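Have a look at the structure below, then the notes.
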Amino acid sequence: LAQSLLALFASSLAISLVFAIIPLCHNVVVLAVVMAVAGLAMGCIDTISNMQLVKIYQKDSAIFLQALHFFVGFGALLSPLIADPFLSDTNCILANGTANASSNLPHIRKSLLPHHPGNLSHYDLPMKGMVVTRVSYAFWIMALINLPVPIAVFFLLYKERMVPCFNGSSHPLLSADELALETRPGDKDELSTAAQRPHTAAGHEDLFSCCQSKNFRGASFTYFAVHITGALVLFMTDGIVGEYSGFVYSYAVEEPLAVVHKVAGYLPSLFWGFITLGRLISIPVSYRMKPATMVFINVVGVLITFLLLLIFSSSVVFLFVGTASLGLFLSSTFPSMLAYTEDILQYKGCATTVLVTGAGIGEMVLQLLVGSIIHDRGSYSFLVCGMIFGCLAFTFYALLVFFHRMYPKPSPELDEASPDKAAAPEDTGQYQR
């Protein structure tokens, strides 16, 4: 836990520093290095936060994962709104005699869209003159907004006596039994002992214990199959999130829809807005519904939505309806899949690392793939690719369920955490502080 909190502190502080530095980068190589540091920091935060929630709350982690990813979606929805007032409607730099250079921008945009490859060398954009954009302020505001996060993590480290220089008189915020997963009046003593046991064992582990070869000795084929198929489901679904939010605007402004640019610009915001709404709805839903059921509903919903988008591909109204529907179905796939996979594998936290990595690779690779296909095959291929990825996600999910059935049953002392054991009727799901 100490290593995880220290990594979260360093990563969240690095993000504030990166956002403060970005406006000062006047060289593309320097900017690329700074952005790479930001990507590493965000990847650490994503993996560690998911992994620790799973390890702390175990079979109740689904609710907390849904809440975590609601704030991920909320941030993705909020940050463009913060940046929007500081963006220029015309060219960012105006020079004498070239004040009308911004009139070239629509032609450049058109040239960059599929089926309009062109030589842009004859468009002269001024690089010196009066700067009319204030986008730097957006980066600095985001850096300040993020700054309370590393401060809060450092405060938690201090209160938990995990800061080497300041571990004297502070009292821990939470004791072991206050991090209990799920309490019932008759089980308090049993839970207190159970909560202390993993705490003690965890003291001998480190942040990279999942990568140690001893964990793989004697592991069955299904152990690896669950990791791989779970990662492939998220590879596809997170890839769909990336490619849809990235290319739905380009698809809308092309024929046959030919949506006005300003109206088409609302589509990514609508998509992220419904992802955020879906994750908010999923917090109470995940309390009543099993993660496996939620993932099934999600992947089937994605398939049906893409099928209807293909059928009504010439309808602008249905494009907006389908975008909202797709956002809702994709919203809870990531946290539900994490909860389901860790449920199968007894909440070791190791599967989380594999799944987060698979999702990140999918978001990167599928955007590159779809971008090149749209350029060669036209805008309609955007929906065809989404349908194919949805079919693959459903196939990998079916394989995951199959391997779950083959996976060895847990030992008796882990029966309580088994996904195959029905919940007791008197389980009210109340939490204790």
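Using N, Cα and C of the backbone, Cβ positions are placed for all residues, glycine too.
Unlike curated records, TrEMBL annotations are generated automatically.
Fair warning: this is a prediction, and the values are worked out from it, not measured in the lab.
Sequence annotations record features per position, and here TrEMBL assigns transmembrane segment to 30-49, 61-82, 137-158, 221-241, 263-281, 293-312, 318-340, 352-374, 380-403. Among the features that TrEMBL reports, region 'Disordered' is placed at 411-433.
Through the fold, the transmembrane segment (293-312) approaches residues 233, 237, 240, 282, 285-286, 318-319, 322, 325-326, 328-330, 332-333, 336-337, 340, 383-384, 386-387, 390-391, 393-394, 397 of its own chain, all at least 6 residues removed from its boundaries and within a Cβ separation under 8 Å. The largest share of C-beta pairs under 8 angstroms with the transmembrane segment (30-49) comes from 352-374, of the ranges 318-340, 352-374, 380-403. For the transmembrane segment (61-82), the residues of the chain that approach it from at least six positions outside its boundaries are 49-50, 53-54, 138, 141-142, 145, 269, 272-273, 275-276, 278-280, 282-283, 286-287, 291, 331-332, 334-336, 338-339, 342, 347, judged by C-beta separation under 8 angstroms.
Taking every recorded stretch in 263-281, 318-340, 352-374, 380-403 and counting its Cβ pairs under 8 Å to the transmembrane segment (221-241), the highest total belongs to 352-374. Beyond the transmembrane segment (263-281), the same-chain residues lying 6 or more positions past its ends with a Cβ under 8 Å from any Cβ of the stretch are 66, 69-70, 72-74, 76-77, 80, 241, 244-245, 248-249, 252-253, 319-320, 323-332, 335.
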